[in-house]
Each structure stands twice: as C-alpha cells, then as structure tokens.
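For reference, Swiss-Prot has these:
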- His136, Thr137, Lys274, Asn283, Arg292: substrate binding site (BINDING)
- His166, His211, His266: divalent metal cation binding site (BINDING)
Amino acid sequence: MKQPVFAVTSGEPAGIGPDICLDLAFARLPCRCAVLGDKHLLRARAEALGKSVVLRDFDPESGGAAYGELEVLHIPAVEAVEAGKLNPANAAYVLQLLDTALAGISDGIFDGIVTAPLHKGIINDARASTGFFSGHTEYLAEKSGTGQVVMMLAGKDLRVALVTTHLPLKDVAAAITQPLIESVARILHHDLKHKFGIKNPKILVAGLNPHAGEGGHLGHEETDTIIPALENLRREGINLAGPYPADTLFQPFMLEGADAVLAMYHDQGLPVLKYHSFGQGVNITLGLPFIRTSVDHGTALDLAATGRADSGSLITAVETAVEMARGSL
C-alpha cells in the first residue's frame, strides 16, 4: 500500500508549532509528512533547540525523508519571528499555510491535513475588518464548502464528539435541538464507519441535565429533545445508547464496547478526555471531505524555543490520520 502523504501546518510561528514539527524528523511514522512553514524559521528554531534536523524541500514525486530529515514546503513568513512574541503581521502567513494545504488536497497531493496550533486572538486582531475567525475547524469547513462538521477528540481507548462546541454555557440548552442532535450523530456514525473502519459503531449519548433530567424533574431537554432524536436515529439503524447521566457515563464498565461518546457540550465531555489523555489527545474534524487531525493543546508561547514543548500530541495526530487513511480504504 502506498504511504499516505499529509500536510502538516506549523501554525503560529511564535509558538511551539515549529518546535514540535521538527520532532517529526525523528518519529518513525508510516507516512510522509510535508511540513508547511518558513524553512528559515524552522532552521533557526532547530538551531535554538540544538536539534540536528536536515530540511529537505518537499517534492511529491520523491521517496520521502530519511530519519533525521524533514520535508518542508516553504512558505515565507511576512515578518521576522521572535519566539514567544505574537506579531499580527504574520496572521496572513498562518492562514496561507491552511490555504496551501487545502490546495494540495484539491490537487491530490495530500491525503489529509494535520494542524499544529494557531492563535485565534492574533488572527482576529489582524483581520478585525474582515470577519471573526473562529478557528481551524470552521475555516476549513468554509473553504471546503462543507455545511456541517463535528468536533471529536480522541485519546487512548476514548473518543468524545460534541453536539455543541464553543458556546457560553447559558446558550447551550437553547442550541440543542432535535435536528442538530440527529445531524451530528449521523456524521459521527458515518465517519466512524468510513474513516475508522468500524462496521457497526456503538455510540453512547450523554444527557444534558444532572441525572439525565431525572425523568423531567431536572429539566425537559432529555424527554422533549434528546430521546426523540435518538429514537429517530435508531430507526435509521444507528447504534445508540442513552441518554445517560454524564457523571456515570465515563465509568470504565459503561465505556466497555463503546466506540464513541456523544456529549452535549464542550465542558461536559472534554475535561474527561483531557484528564485521560492530555499530551496524547487528538482533535479530529468529522464531516470534511478529507482527513483533518490536530493537536489537543494551544500555542504555549512561553515554551517556544525552550526545549520544553512536548510533541506527543502532534505525533499522535499524525498516527491517527494514518489510521483514518487506512480505515477509509
């Protein structure tokens, strides 16, 4: 089988993205990784970290990099980069990394995209007049013409997808509708089957309220919205269980045999996942017409060029992308 080729965007240049990308040169991965970024920045960061990395220009027709080598698709930064110090002038550079990766997907050069962290605040500071930048997920969805995507984080033996993502807690209940639950669950079911190769994925669903509403005594979202949605989905042949109280759902005996958990909101599901797998977790965007994985952490500006950044999540993100490429065959 031909090795998959992934675009790895190096993210915010002042953060740890370049640092952790350099470690891919020493990770024995069953794929090719083309790091998208400024090769002069990568070289300078390698020197600052004392890492002996040979940078090679990425060539789709070549055989790939040897151990200690890193394939780089050079995209110049707008201005010089100082580790740990954000510069709005380089926000356009960060977005150009994503646009170049998307173009490579369209041209059949890349089999997927793996993203190092970017800094949403500095991008919004730089493009205040051109609209709010929500993040990687929304940007890739918009640019690829994808109407709906689903955020899923994965760690060892645990996958957690979200019905709602970055919403204030006061807005969550109103946002959870029967059509939304059904569409999110369908995307989750489809991608578990077709991108992870799971024939009949079992999905556990969390309730919204304490004790999953206690039969309507602690809220009506379960009886009025969540349960009817699950009944419709089961009639379609989707293997769902729940809704369960979130405080018992994540116990090992409950998770046994489950392929994913569907949580209603961000801080219901992700604290458990991050406690379970922080540093080895992966952010996966479901619903896109291509594979996209990412690290589960931010830019960590204070760690840039210090040698204290952990590349474990990035390496796991690449390994997960390989798993998905194989599962989609």
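Backbone N, Cα and C atoms are what each Cβ position is placed from, and that goes for glycine too.
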Note = The sparsest Cβ environment within 10 Å, among the binding-site residues His166, Lys274, Arg292, is found at His166
Ask   = Going by DSSP, is Asn283 (substrate binding site) part of a helix, a strand, or coil?
value = strand
Under 8 Å by Cβ from Thr137 (substrate binding site), counting only residues of that chain that are 6 or more apart = Val149, Met151, Thr165, Thr285
Ask   = Any idea what DSSP makes of His266 (divalent metal cation binding site), helix, strand or coil?
value = helix
Message = With Cβ-Cβ distance below 8 Å and at least 6 positions apart along the chain, what are the contacts of Asn283 (substrate binding site)? List them in sequence order.
response = Met151, Met152, Leu153, Thr293, Ser294, Val295, Asp296, Ala317
Query = Which of the three DSSP-derived classes (helix, strand, coil) applies to His166 (divalent metal cation binding site)?
reply = coil
Note = Quick tally, other C-beta within 10 angstroms, His136, His211, His266; top of the binding-site residues is His136
Query = Could you give the Cα-Cα distance between His166 (divalent metal cation binding site) and His136 (substrate binding site), in whole Å?
reply = 13
